[in-house]
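Some notes on the structure that comes next.
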Amino acid sequence: MHSDRDSETTFDEDSQPNDEVMPYSDDETEDELDSALPAVEPEQNRINREAEESREPVKKDCSWQVKANDRNFHEQPQFKKTTFLCFKKSKYAGNAIKTYKYNAITFLPLNLLEQFKRVANFYFLVLLILQTIPQITTLSWYTTLVPLLLVLGVTAIKDLVDDIARHRMDNEINNRTCDVIRDGRFRSEKWKDIQVGDVIRLKKNAFIPADILLLSSSEPNSLCYVETAELDGETNLKFKMSLEVTDRYLQEESAMAEFNGLIECEEPNNRLDKFTGTLFWRGRSYPLDADKILLRGCKIRNTDFCHGLVIFAGADTKIMKNSGKTRFKRTKIDTLMNYMVYTIFILLILVSAGLAIGHTYWEQQIGNSSWYLYDGEDYSPPYRGFLNFWGYIIVLNTMVPISLYVSVEVIRLGQSYFINWDLQMYYPEKDTAAKARTTTLNEQLGQIHYIFSDKTGTLTQNIMTFKKCCINGQTYGEYRDETGQPQNHAEQVDFSWNMYADGKLAFCDHYLIEQIRSGKEAEVRQFFFLLAICHTVMVDMSDGQLNYQAASPDEGALVTAARNFGFAFLSRTQNTITISELGIERTYDVLAMLDFNSDRKRMSVIVREPDGNIRLYCKGADTVIYERLHPVNPQRETTQEALDIFANETLRTLCLCYKDISHGEYEAWNKKFMEASVAANNRDEALDKVYEEIEKNLFLLGATAIEDKLQDGVPETISKLAKADIKIWVLTGDKKETAENIGFSCELLTDETTICYGEDISVLLQTRLENQNNKAGSNINSSQRKNEAFFQSGRNRALIITGSWLNEILLEKKKKKKKLPKLKFPKTAEEREMQIQSKRRADANKEQQQKNFVDLACECSAVICCRVTPKQKAMVVELVKKYKKAITLAIGDGANDVNMIKTAHIGVGISGQEGMQAVMSSDYSFGQFRYLQRLLLVHGRWSYIRMCKFLRYFFYKNFAFTLVHFWYSFFNGYSAQTAYEDWFITLYNVLYSSLPVLLVGLLDQDVSDKLSLRFPRLYGSGQKDLLFNYKKFFISLIHGVITSLIIFFIPYGAYLQTMGQDGEAPSDYQSFAVTAASSLIVAVNFQMGLDTSYWTFVNAFSIFGSIALYFGIMFDLHSAGIHVLFPSSFQFTGTAPNALRQPYLWLTILLSVAVCLLPVIALRFLSMTIWPSESDKIQKNRKKYKAEEQWKRRQSTFRRGISTRRSAYAFSHQRGYADLIASGRNIRKKRAPLDAVLGNNMAEVRQDDETS
């Protein structure tokens, strides 16, 4: 990427956004903005500037200073910053990374602080304190302490397990090793001990531990090849080059140890493609740019070793600056649940206040005049009412369910283990299982509206494969034998006849091999010869194998294909290229290399053949090649038909052509070429113009078709998710053409899709914004205007937009300041007010434009954002979250996806080719994109349904339990006396009613996993919040109120005038408490049975087991033996055996349960019969759906003679290696032997190379 072009594109307000440039405008300094301005300065400005400079020194941007091999330099006072009060530390970060939250000392205090931030936990702590005050409590303190300790303990253990996992991941990275200069020698040190200013040595295939300045390497001129997949998703190699002075003098270990250069550069920032700085050494200064910097996260490739100076470490590195902050994520249900707890708390206060007022009135009317109720305290009725208010807060505290939170955590933990154990999400090729890295977001997986996906490594495999070709009008690549007859089965070609074949190409057309080897058609051999000679690939030989380094993966695939078909590129010099043509080596003179770029979309070479003839070979996108063909091209139409067929198969196409050039024509052109090559201004444009003159009247040879291999199951997964009404946006740093091709391959885009580009929607959005500003003054039709659609309905549209257009449209692009002549006078109040108003208008316009963009994009069925930065990916996700209030999921596999993953409500990492950064920052991870459909449509949907059912039932059972106290108050003088025994209150939520609801929350499913995948529309209930909302909450509240009424008043009526069989009246308070409690336990557990959709032995055992456990514990607690041991704690001695031997009471319990459940059964039956849900219908017909549905790829209709879209070849994002080849800097020269450079460490390097 060229900084000149970047500055023009990103900051010049008059220029159009460049689709090929990845913009990094977010941290640009004002000096950089000004640097793009014309050099002409108004005289008045010059005077003002000189006056300012004379008054005070100008603050420089290059305030970051790094001294080589001098750690003490960075500890000087001027490099310290205040952290807290008077404590200071160095502004230079260490290289250790930290993602954990606690350590051994801080775990307990911080975790308790975090837990007591939850309103319910803090509320119960206050409640526990209140229960120690004897004047107001009627409940024992242990009824609150036991559940509270259980909640805090379970949550603390879960947090501890999660944090230990983070510690392990951090240690794994921080304890990697590399060689660092210490005491004059290279010694192995851990990454975490590396500091700014250290000189380090990296070996082939090693990750780069920090942002370093390249000093030298084993390659000629200290070239270094790096793979930047972690940064931008590109797998093709980039080259970096050191300064000539460091290459010359810093090769030996002793020279490295004595190196004492000082670097002054920019402060740490997130601009991956920019760096400005200066190296001061030996009395001279040397400018530094991004081409000399190796960034953390990249990988050293095809370079035996390199040396570098650490400039930014740890949190200051550019990749960490792009990672964004770790956000605390909460589910939508969590937020709703908190609001509901607040609602319950308000209800509790209102009910307690009402009952306290009732007690005050009762005391005045009855209590004061009843001598037998005197308790020895002469409190006034209002004061007694006040005490009773707190008494009722304690008695009715179970309305705010403390065990709710611990139960939710247990359910989420169980659901996370189910995800981890799912064998259908296990990827055997890499031995990678799905992993829920967080346990707090499972049910949110069932509510996703938007998915934001990376492309490279997430949707694709990063593998380019030569699939088909068309040569001289004949298409090759189908299943055929040597005679050209079609075959019914795939039989791979045997390339053993070719000594240079790599053995990796799977090709099944034997007829093409026969044509090449027989030489019957000269064009076939010429086709592959062109592929072998027209490229900018560089080659090296290791262990007898050819290794190619290409500027783009497509070009590498084509040269490798030519090699397999017998035309192997062997070597090149500055002006020659050697090729093996079916085993015969020939060397050709390369007279000129016309490199490709994003505007030309083609490249050419001019070569002199051994017989002296000069020929131009060209390859490029069909759109540009067809414009430059000779009028007489007999195979033009047949090749176009082949291109259309390839495009319909979503293959990436490229046209090949040639032209013979006379010596006179070449000499005349070469003169112009040499003049353009040394042009001082606009060299690139001058060269492109000269290239145009020679690249015309070309003769078409044919076309290639390359497959950018998708991961298995990607189109099927996207189709399923689309049917579930989940919109998928692709956010990639890759080229527009590449992203568009993949859109068609994975069926996000179809031939029927109308594609809108950045330039199209820019006009629409600008017009809409102007209309909105014009209408701002009047309210007429303003609401209608706001909701007006951008497009007419009925057509399938997709949006493809580049990062530069995104900045332009969202008004993120910084504008250069206009240097108008002005004097430096203080601003008046009016001027300041005008400036504030102007800024407000600009901010309002920006916000409105962003909202309009989101509205427009959401009208499209698919959105593809290409050439976007990591920060822009996060910005797009944030905009959708902000303006659509929708649940978002981001999925990616590289470090460039980390910011997006952290920003989305749910982040998913794919354990792919690009390291583990994305996985470490994610909430869920697995091996392949296709597992996303199972994660959402099965686990996500089930988790949502289970959690909603659990919450509805939990609120119901607590209201049914607690409000019995409320009804009892009307008969006990509002005295805050409990309706149950204390131990029943303590154990109700812990033992008697917890297991059935927990098992439903863990195991319940309305339909099977296969049916969930087969009918994605079932997913809609979570997106629309149908199963848990305020309406469902109030239904649970009303249901609980009615149940509590029945549980209290039926036993009360039965006890009103009764006589037992033995003549004893069982109408005492304790017998009543036992009867009401027994009725409640049976009713709520059977209610859970009615709510269970998926019955197993475990569910049945839990329901009947809970009832049996209740009776067993109750009889034990009411026994005489335990009363003798603890007389003050167990006062219901003999109550249960005495009361429950009466058949009359059993009939009362049966009647209470029947009245509670029969209306529910009737309503359920009517609901399923008259208003069945989608899952009810599928359950009813589930036998019909036993046969698995096979997904079929959408058929694309091909019509002969009609040109369809092009699946264009994706050129490199920048110019290729042509300049590097022409300069000769990559050609190996005789230099100091490696042993002299490395000294005693040579054997160690060689050993590491062999192991890697």
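Cβ coordinates come from backbone N, Cα and C, glycine included.
Since this is a predicted model, take the numbers as computed values, not measurements.
So that you can see what the record holds, here are the features copied from TrEMBL:
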- 1-60: region 'Disordered' (REGION)
- 69-145: domain 'P-type ATPase N-terminal' (DOMAIN)
- 119-136: transmembrane segment (TRANSMEM)
- 142-161: transmembrane segment (TRANSMEM)
- 174-236: domain 'P-type ATPase A' (DOMAIN)
- 339-362: transmembrane segment (TRANSMEM)
- 389-408: transmembrane segment (TRANSMEM)
- Asp454, Thr456, Asp893, Asp897: Mg(2+) binding site (BINDING)
- Asp454: active site, 4-aspartylphosphate intermediate (ACT_SITE)
- Asp454, Lys455, Thr456, Glu555, Phe596, Lys619, Arg652, Thr732, Gly733, Asp734, Arg867, Lys873, Asn896, Asp897: ATP binding site (BINDING)
- 919-1173: domain 'P-type ATPase C-terminal' (DOMAIN)
- 950-971: transmembrane segment (TRANSMEM)
- 983-1003: transmembrane segment (TRANSMEM)
- 1033-1052: transmembrane segment (TRANSMEM)
- 1072-1090: transmembrane segment (TRANSMEM)
- 1097-1124: transmembrane segment (TRANSMEM)
- 1144-1166: transmembrane segment (TRANSMEM)
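When each of 119-136, 389-408, 1033-1052, 1072-1090, 1097-1124 is checked for Cβ pairs under 8 Å to the transmembrane segment (983-1003), 1097-1124 comes out on top. Among 339-362, 389-408, 1033-1052, 1072-1090, 389-408 has the largest number of CB pairs under 8 A with the transmembrane segment (142-161). Cα-Cα distance from Gly733 (ATP binding site) to Asp454 (Mg(2+) binding site): 8 Å (rounded to the nearest whole number). Here Asp454 (Mg(2+) binding site) is compared against the binding-site residues Phe596, Arg652, Arg867, and the shortest C-alpha distance is to Arg867. Here the transmembrane segment (1033-1052) sits against the transmembrane segment (1144-1166); at least 3 CB pairs are under 8 Å, leaving out pairs fewer than 6 apart in sequence. Shown in sequence order, Asp454, Thr458, Pro870, Lys873, Ala890, Ile891, Gly909, Ala918 are the residues of the chain, 6+ apart in sequence, with a C-beta less than 8 angstroms from the C-beta of Asp897 (Mg(2+) binding site). Phe596 (ATP binding site) is 29 Å away from Asp893 (Mg(2+) binding site) when you measure Cα to Cα.
Rounded to a whole number, the distance between the Cα atoms of Thr456 (Mg(2+) binding site) and Asn896 (ATP binding site) is 11 Å. Across the domain 'P-type ATPase N-terminal' (69-145), DSSP helix (H, G, I), strand (E, B) and coil residues number 32 helix, 9 strand, 36 coil. Distance from the CA of Thr456 (Mg(2+) binding site) to the CA of Phe596 (ATP binding site) is 22 Å.
Below 8 angstroms of C-beta separation, residues 119-120, 123, 381-382, 384-386, 388-390, 392-393, 396-397, 399-400, 404, 955, 966, 969, 973-976, 1030, 1033 of the same chain, each at least six residues beyond the ends of the transmembrane segment (339-362), sit close to that stretch.
When other Cβ atoms within 10 Å of the Cβ of Arg652 (ATP binding site) are tallied across all protein chains shown, the result is 26. Just so you know, of the binding-site residues Thr456, Asn896, the Cβ with the fewest other Cβ atoms around it within 10 Å is the one at Thr456. Considering only the residues assigned to ATP binding, Asp454, Lys455, Thr456, Glu555, Phe596, Lys619, Arg652, Thr732, Gly733, Asp734, Arg867, Lys873, Asn896, Asp897, the longest pairwise Cα distance works out to 33 Å. Nonlocal intrachain contacts for the transmembrane segment (950-971), taken as residues 6+ away from its ends with a CB within less than 8 angstroms of a stretch CB, comprise 333, 337, 340, 351, 355, 358, 392, 395-396, 398-399, 401, 404, 407-408, 411, 977-980, 988-989, 993, 997-998, 1000-1001, 1027-1028, 1032-1033, 1035-1037, 1039-1041, 1043-1045, 1047-1049, 1052, 1076, 1080, 1083-1084, 1087-1088, 1091. There are 29 other CB atoms within 10 A of the CB of Asp454 (Mg(2+) binding site), with all protein chains counted.
Least crowded of the binding-site residues (Phe596, Gly733, Asp893), judged by neighbouring Cβ atoms within 10 Å of its own Cβ: Phe596.
Cα-Cα distance from Thr456 (Mg(2+) binding site) to Arg867 (ATP binding site): 12 Å (rounded to the nearest whole number). If you draw a 10 Å sphere around the CB of Arg867 (ATP binding site), it holds 26 other CB atoms from the protein chains shown.
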